[in-house]
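> So Swiss-Prot lists these for the protein:
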- 1-42: topological domain 'Cytoplasmic' (TOPO_DOM)
- 43-63: transmembrane segment (TRANSMEM)
- 64-72: topological domain 'Extracellular' (TOPO_DOM)
- 73-93: transmembrane segment (TRANSMEM)
- 94-231: topological domain 'Cytoplasmic' (TOPO_DOM)
- 232-252: transmembrane segment (TRANSMEM)
- 255-275: transmembrane segment (TRANSMEM)
- 276-381: topological domain 'Cytoplasmic' (TOPO_DOM)
C-alpha cells in the first residue's frame with residue numbers, strides 16, 4: 001500500500017511539474033498588448049528602420065545648405081512616403097531569409113516536440129525557436145514568432161507545402177539541400193500526430209447533432225439564393241465591400257445601361273468570390289472544423305442530393321454550436337455544400353496548387369481522397 005501511495009505521489013509530482021513547465025512557456029502574445037504592438041516593436045528593432053531614420057540626417061543638412069528648397073522637398077517626400085514601404089518589404093524578406101537558414105533546427109524542434117495540427121501543440125516549438133534564433137544571433141529580438149499559430153503557419157508555408165509539392169527527390173535536394181532528411185523526419189512525425197488526431201476525432205470526439213429533424217436549410221427560408229447572399233454580405237465581415245458596392249451603384253448612374261450592367265455585375269461577382277473565400281477562411285481557423293466536415297461527408301449514409309442536404313444541415317448546426325458562424329445558415333443547400341467541398345478541397349488536391357490566402361491542406365489529403373471516393377460510390381449506388 002505504501003509503495004502504491006509513493007508511486008501515486010510521484011505521478012502527481014510529475015503531472016504538477018509538467019503543468020508548471022507548460023505554464024512557464026512565454027510567447028510575445030503574453031508580453032505585448034496586441035500583435036500590432038509586437039509588429040511595431042519588431043520594425044523598430046530592425047536594421048532597415050534604423051537606416052531609414054539615419055537618412056534624415058543628410059536630408060536635414062541638405063535642407064540647411066541648399067538655396068533651392070524644391071529638390072530637398074521632393075526627396076524628403078519620397079523618403080517619407082516610400083521609406084516605410086521599403087522598410088516593411090525588407091523586414092519581411094529578412095524574416096524569410098533568417099528562417100530559411102534555420103530549417104534543420106526547425107525540423108529538430110518539430111521532431112522532438114511532436115506537435116499535431118492543434119495550435120497549442122506549437123507553443124513549445126515557437127518558444128524554443130524564439131530563444132534559439134536570438135541566442136545564435138539569427139534574429140535581433142527574442143520575439144520572432146508572436147504566437148503558436150504564427151509558428152505553425154511558418155512550418156506550413158516554409159516546409160510542409162513547398163516540400164510536399166516537389167515531384168521527385170532531385171527537386172527536393174535542389175531546393176532544400178542538406179535539410180532533406182531532417183524535413184522528411186519532421187513531416188513524418190507531424191503526419192503521424194495528425195493521423196492520431198483524426199482517429200481520435202472520429203472515435204471519442206465524434207459529434208452527433210441533436211434535433212436535426214426540425215432543422216431547415218436556408219433554401220427553405222429564402223425564396224431566392226440571391227436574397228440569402230445579400231443578407232450574408234451585409235454583415236460585419238463584408239460591411240466595407242458591401243458599402244463599396246452601394247457606392248459603385250451611385251457612381252455608375254451616369255453610365256449607359258449596358259456598361260452599367262456589366263460594371264455592377266463584375267463588382268457583384270467579386271463580392272461573391274470574397275464571400276466564398278471568407279467562408280473557407282472562417283472554416284480554416286481550426287483544423288478540427290475541416291476534419292468534422294470531411295468526417296461528415298465520409299459517414300453520410302444517404303446518397304445524391306438528399307445526402308448533401310443532410311451534410312449541409314449537420315455542418316450548419318455544428319458551426320453554429322461551435323460559434324464559428326452566428327446562425328445555421330453557413331450552407332444554403334446541398335448543392336452549395338457540394339460545391340464548397342469540390343472547390344476548396346478536392347480541386348485544390350487535384351491541382352496541388354494553393355489558392356490565394358488559403359491552405360493546401362496537405363495533412364488532409366488522404367481524408368479528402370476518402371471523402372471524394374465515398375461521394376463517387378454514393379453516386380454510383
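Heads up, the Cβ atoms here are built off N, Cα and C, so glycines get one too.
For each feature listed, report its degree of burial, its nearest neighbours and the pertinent distances within the displayed model.
Restricting the average to the topological domain 'Cytoplasmic' (1-42) gives a pLDDT of 63.
Long-range Cβ contacts of the transmembrane segment (43-63) within its own chain (Cβ-Cβ under 8 Å, at least 6 residues beyond either end) map to 69, 72, 75-76, 79, 83-84, 86-88, 90-91, 94, 140-141.
Remark: secondary structure over the topological domain 'Extracellular' (64-72) totals 5 helix, 0 strand, 4 coil, with classes taken from DSSP.
Away from its own ends, the transmembrane segment (73-93) comes close to residues 42-43, 46, 48-49, 52, 55-56, 59, 62-63 of its chain (Cβ-Cβ under 8 Å, at least six residues beyond either end).
Sorting the topological domain 'Cytoplasmic' (94-231) by DSSP state (H, G, I as helix; E, B as strand; all else coil) yields 102 helix, 0 strand, 36 coil.
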> I need to check the long-range neighbours of the topological domain 'Extracellular' (64-72): which residues 6 or more away from its ends have a CB within less than 8 Å of a CB in the stretch?
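Contacts with the topological domain 'Extracellular' (64-72): none.
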